[in-house]
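Report on the structure given below.
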Amino acid sequence: MHEYSIVSALIEQCEQHALANHAAKITRVDIKLGVMSGVEPSLLQTAFDTFKLDGICNAAQLNIQIQPLVILCQDCQSESVLSERTIVCPACQSYRTRVLDGEDMLLMQLEMEQEED
């Protein structure tokens, strides 16, 4: 399950941001997850809940925003937003499409609490 390595990298990135901002803890992690990212949201959530226990994210809530697939048809120039995993143009049924969005996983926002002086 590659979600474990993804969550490990995500938590490491969160820790770097917390350190740079002198945060004592992270309370919320917002990510955007593309439908074509190859990451299963429920497995990602489970992995996050497991890995967060020993670090600065131990009280953090993970919010996952699913990013639909956005494609551009090379034949009819139609741009389409799709909620399923297909690269077929819904306008002309062409397979000659280019993915514009929906393949990535991005850290969008962190909510942190500052260290007290």
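Going from the start of the chain as shown, residues are counted 1 onward.
Each residue, glycine too, has its Cβ placed from N, Cα and C.
Feature annotation from Swiss-Prot assigns Ni(2+) binding site to H2. According to Swiss-Prot, the feature Zn(2+) binding site maps to C73, C76, C89, C92.
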Other than C73, C76, C89, C92 themselves, what residues in this chain have Cβ atoms within 8 Å of the centroid of the Zn(2+) site's Cβ atoms?
Q74, D75, Q77, S78, P90, A91, Q93, S94, R96, T97
Which whole-number value in Å describes the distance between the Cα atoms of C92 (Zn(2+) binding site) and the residue listed as 'Ni(2+) binding site'?
36
Write out the long-range same-chain contacts of H2 (Ni(2+) binding site), meaning residues 6 or more apart in sequence whose Cβ is under 8 Å from its Cβ.
G38, V39
